[in-house]
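One structure is given here, and the rest of the page talks about it.
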């Protein structure tokens with residue numbers, strides 16, 4: 001999660017750690033000083049705290065994000081509210097630009113208002129600030145958060161900032177009172193997987209123009225219900241993209257990914273076979289985190305949604321020259337995009353989540369964030385990941401695939417709560 005438009009670190013020169021692996025603390029006092037995701041230099045994530053006095057929390061903070069969430073250690077809170085937005089399913093006019101070596105951000109235009117609703121947890125005055133998606137140095141490990149040590153190729157962040165115009169002080173969450181002060185931000189994190197089937201052909205330039213203006217097919221991803229009979233009118237309908245029974249794993253018996261859904265990326269003999277990371281007994285297999293008896297299986301009512309509209313929006317945006325080509329601060333060209341932020345989320349009935357008090361994941365690493373990390377995953381087209389990794393983040397044309405845009409896991413002892421048993 002980010003908040004500021006930073007200078008590009010290359011404009012300030014590059015420093016390297018000394019023989020003892022130590023970087024000198026600079027006297028810089030800018031909160032928008034340049035930083036990098038290159039882990040070999042002093043501008044990289046392990047040394048962000050040395051770049052500016054404003055960044056000191058990156059090195060000594062007690063509630064730094066992201067973290068590895070251990071599901072069985074998370075504490076169930078019965079009264080945690082459902083995650084909703086006001087207004088519901090609102091289509092916003094946003095602008096996205098090249099964000100240099102950071103994830104491109106979709107920011108609402110003036111007058112576009114969307115608020116997150118987490119009744120009894122925070123007040124109702126957290127206003128949508130941006131949507132961005134993180135990627136990694138490898139295709140498989142791109143999410144900033146992990147659950148039980150497992151990552152996904154991408155992680156979407158919906159950032160909400162307390163609206164100063166309301167004249168209310170940000171309310172502190174009632175989650176044990178471990179930290180003093182207020183939470184200025186609410187950030188919703190969503191694990192994004194990638195797939196090949198069910199997302200249609202690659203859109204051409206003319207189709208992208210229509211898509212970015214908000215023109216989509218008549219059928220709605222959330223149309224006649226999450227299990228509707230008409231496929232695309234329900235995320236995983238009986239005759240739809242995800243097979244007869246959908247619920248038997250990621251995509252059901254006759255779905256896109258083989259006989260038993262989530263037994264590997266593409267069925268029983270997927271990327272890691274029956275007993276691999278995604279196999280029958282692995283993270284996403286029958287008894288794993290996302291399998292029939294696991295965290296995302298029958299017992300807890302979770303299912304991976306194919307976010308088809310979002311996929312085409314992201315793919316078209318990341319491919320557009322205004323976003324893809326490197327731009328210095330002040331020279332950006334904004335691309336207008338009509339976007340419904342809820343497209344990035346699971347359907348309402350599957351918005352089970354983990355929550356904890358953490359920080360921004362980019363400098364200045366401000367420790368005033370309430371994180372709401374979705375348990376259920378969303379799937380986008382593999383072309384989205386390819387397009388994002390091909391966005392230029394550096395003056396020499398180096399793309400985001402080289403260093404990624406994910407901060408390494410932070411070793412904090414923070415209490416994580418969950419809205420589900």
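Backbone N, Cα and C atoms are what each Cβ position is placed from, and that goes for glycine too.
Taken verbatim from Swiss-Prot:
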type     : residues      : note
BINDING  : 132, 134, 157 : Zn(2+) binding site
BINDING  : 361, 362      : substrate binding site
COMPBIAS : 197-206       : compositional bias 'Acidic residues'
COMPBIAS : 207-219       : compositional bias 'Basic and acidic residues'
DOMAIN   : 33-420        : domain 'Alpha-carbonic anhydrase'
REGION   : 197-303       : region 'Disordered'
REGION   : 225-296       : region '24 X 3 AA approximate tandem repeats of G-X-N'
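Overlay of Swiss-Prot feature records on the structure.
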| residue | record | DSSP (3 states) |
| --- | --- | --- |
| 132 | Zn(2+) binding site | strand |
| 157 | Zn(2+) binding site | strand |
| 361 | substrate binding site | coil |
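It is 132, among the binding-site residues 132, 134, 157, whose Cβ has the fewest other Cβ atoms within 10 Å in the structure shown. The local packing around residue 362 (substrate binding site), expressed as other Cβ atoms within 10 Å of its Cβ over all shown chains, amounts to 25. Helix, strand and coil residue tallies for the compositional bias 'Acidic residues' (197-206), in that order: 2 helix, 0 strand, 8 coil [DSSP]. Taking the Cβ of residue 361 (substrate binding site) as centre and 10 Å as the limit, one finds 27 other Cβ atoms among all the protein chains shown. Between the CA atoms of residue 134 (Zn(2+) binding site) and residue 361 (substrate binding site) there is a gap of 11 Å. On a Cα basis, residue 362 (substrate binding site) lies 12 Å away from residue 157 (Zn(2+) binding site). Per-residue confidence over the domain 'Alpha-carbonic anhydrase' (33-420) averages out at a pLDDT of 80. Cα to Cα, residue 132 (Zn(2+) binding site) and residue 361 (substrate binding site) are separated by 12 Å.
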